[in-house]
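Engineer: Starting off with a structure, shown below.
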Amino acid sequence: MTDQSPKRLFIKTYGCQMNVYDSQRMAEALGAEGYVETDRADDADMVLLNTCHIREKAAEKLYSDLGRLKPLKAERPDLKIGVAGCVAQAEGDEIIRRMPLVDLVVGPQAYHRLPAMARGEAPAVDTEFPAEDKFDHLPERRATRRHPAAFLTVQEGCDKFCAFCVVPYTRGAEVSRPAARILSEARDLVARGVREITLLGQNVNGWHGEGAAGLGELIRQLAGIEGLDRIRYTTSHPNDMADDLIAAHRDLPQLMPYLHLPVQSGSDRVLKAMNRKHTRDDYLRLVDRIRAARPDILLTSDFIAGFPGETDADHADTLRLIEEVGFGTAFSFKYSPRPGTPAAGRALVPEAVADARLHEMQALLARQQKAVQEGMVGRTLGVLFEKPGRLPGQMVGKSDYLHSVFVQAPEAAVGDLVQVRIVASAPNSLEGVLA
Ligand code: 5AD
Ligand code: SF4
């Protein structure tokens, strides 16, 4: 007797938004094989861990999670366990050697081969950078869950080689998808009820695909799609903020007033050691130009504390840069040496010093975040409802500036884009009333 019931797939996603997007596309690819998603590992037929290699802690999380799956695999040996994403790319079959319970290892450029791997018709380890484009071999986007905001990968990989970063090795060289493909995927998403699209790329503003001169022009083309109300993009490198992209922020109401622009450090010495190829002053002048084009833009950033060689004076420079710019929010991390990167062998800043610097940076950034959020109180902003809140009649959505906003709106539906007057600020969200 053959079992006709659908196979269940549990995906856990670590790390960045591109992994979130990749997980959706892998679910779609396996969907064509009869897999349906479940939110529990213990009743799944396949468990897929879509991993992140950016910092050591993120990578180690995979091994502790795999350890936790051991009893499940012992109970049900036919359970398939797959490792995808950047740890898969970096460690390949080493993962199976260390954790024999793993059946499949698939890198970020090979996941269109996942269905064949799952059927046992392709090698169990695939970390190639194949010549074919995985996007050409994936099934059409499907509406897995009704959600009015979607991610769309337009560019992958990075050619910048910052001294701390594994991305150029795990995601490979920069590759941009052609504009026509991106536009057709965007139209498809909009036809399914999507109103907001975030364009994704490790170095998204370095997009240089066919059919447009750069990301600015690509965004202009996307802005012509009827029903696409909001466009965002992430993550950008300061050196690739072209004039046309800055002008798009001035010209296009669909392009949201929000920009994630990592700077990593405010010290020229450290920026040089990081191979960032821009100075503190380059960044500050760029911020001025962006704000001249779109005065209300909310800037966010990434910072690393305790990069090898960083002194107290360098750290003070970073704090001063944060003060000067004023960020809406920012991610800050303690430096984590990554195997294979240029900075990996350099002498570390003592752990306690790096910890203290990280805390100081985070405290300052938290004060800025609080001030920015409090500054929203009294303003009327667009909010796109993404899901019902916990309280009866409550909806939760994102403001133009990407803050989560809770609103009493019993008549409203997910996908409504409404005007909301902000009445209060909580630590990580805002509260508003329908305007
Ligand atoms: N150590 C600490 N933080 C890192 N990041 C990237 N690599 C490292 C590392 N080795 C941070 C950078 C980057 C963000 C995605 O992660 O700030 O912008
Ligand atoms: Fe990593 Fe630098 Fe490329 Fe960003 S720009 S992905 S930090 S190498």
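Each Cβ is built from the backbone N, Cα and C atoms, and glycine gets one as well.
Whatever TrEMBL says is automated annotation, not expert-curated.
Annotations for this protein, taken from TrEMBL, read as follows:
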DOMAIN    7-123  domain 'MTTase N-terminal'
BINDING   Cys16, Cys52, Cys86  [4Fe-4S] cluster 1 binding site
DOMAIN    144-371  domain 'Radical SAM core'
BINDING   Cys158, Cys162, Cys165  [4Fe-4S] cluster 2 binding site
DOMAIN    374-435  domain 'TRAM'
Engineer: Here are some binding-site residues: Cys52, Cys86, Cys158, Cys162, Cys165. Which one has the most Cβ atoms within 10 Å of its Cβ?
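Structural biologist: Within the set of binding-site residues, the most crowded position is Cys86.
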Engineer: Give the three-state DSSP assignment (helix, strand or coil) for Cys158 ([4Fe-4S] cluster 2 binding site).
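Structural biologist: For Cys158 ([4Fe-4S] cluster 2 binding site) - judged by DSSP and reduced to three states - the answer is coil.
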Engineer: For Cys16 ([4Fe-4S] cluster 1 binding site), which residues of its chain lie six or more apart in sequence with Cβ-Cβ distance below 8 Å?
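Structural biologist: Cys52, Ile54, Thr235 - these are the non-local Cβ neighbours of Cys16 ([4Fe-4S] cluster 1 binding site), listed in sequence order.
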Engineer: Given Cys16, Cys52, Cys86, Cys158, Cys165 as the binding-site residues, which ones have a Cβ positioned under 6 Å from some atom of ligand 2?
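Structural biologist: Only Cys158, Cys165 qualify.
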Engineer: What is the average pLDDT across the domain 'Radical SAM core' (144-371)?
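Structural biologist: That stretch averages a pLDDT of 96.
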Engineer: With the Cβ under 6 Å from ligand 1 as the test, give me the qualifying entries from the binding-site residues Cys86, Cys162, Cys165.
Structural biologist: Cys165
Engineer: Would you list the other residues of this chain near [4Fe-4S] cluster 1 - those whose C-beta lies within 8 angstroms of the C-beta centroid of Cys16, Cys52, Cys86 - in sequence order?
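Structural biologist: In sequence order, the nearby non-listed residues are Tyr14, Gly15, Met18, Asn19, Thr51, His53, Ile54, Ala58, Gly85, Thr170.
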Engineer: Compute the C-alpha separation of Cys158 ([4Fe-4S] cluster 2 binding site) from Cys86 ([4Fe-4S] cluster 1 binding site), stating it in Å without decimals.
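Structural biologist: Just about 13 Å between their Cα atoms.
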Engineer: Whose Cβ lies within 8 Å of the mean position of the Cβ atoms of Cys158, Cys162, Cys165, the [4Fe-4S] cluster 2 site, other than those residues?
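Structural biologist: Residues close to the [4Fe-4S] cluster 2 site, other than Cys158, Cys162, Cys165: Lys160, Phe161, Phe164, Val166, Val167, Pro168, Gln202.
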Engineer: Measuring Cα to Cα, how many angstrom lie between Cys162 ([4Fe-4S] cluster 2 binding site) and Cys86 ([4Fe-4S] cluster 1 binding site)?
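Structural biologist: Distance between the two Cα atoms comes out at 17 Å.
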Engineer: Determine, to the nearest whole angstrom, how far the Cα atom of Cys165 ([4Fe-4S] cluster 2 binding site) is from the Cα atom of Cys86 ([4Fe-4S] cluster 1 binding site).
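Structural biologist: It is 12 Å, counting Cα to Cα.
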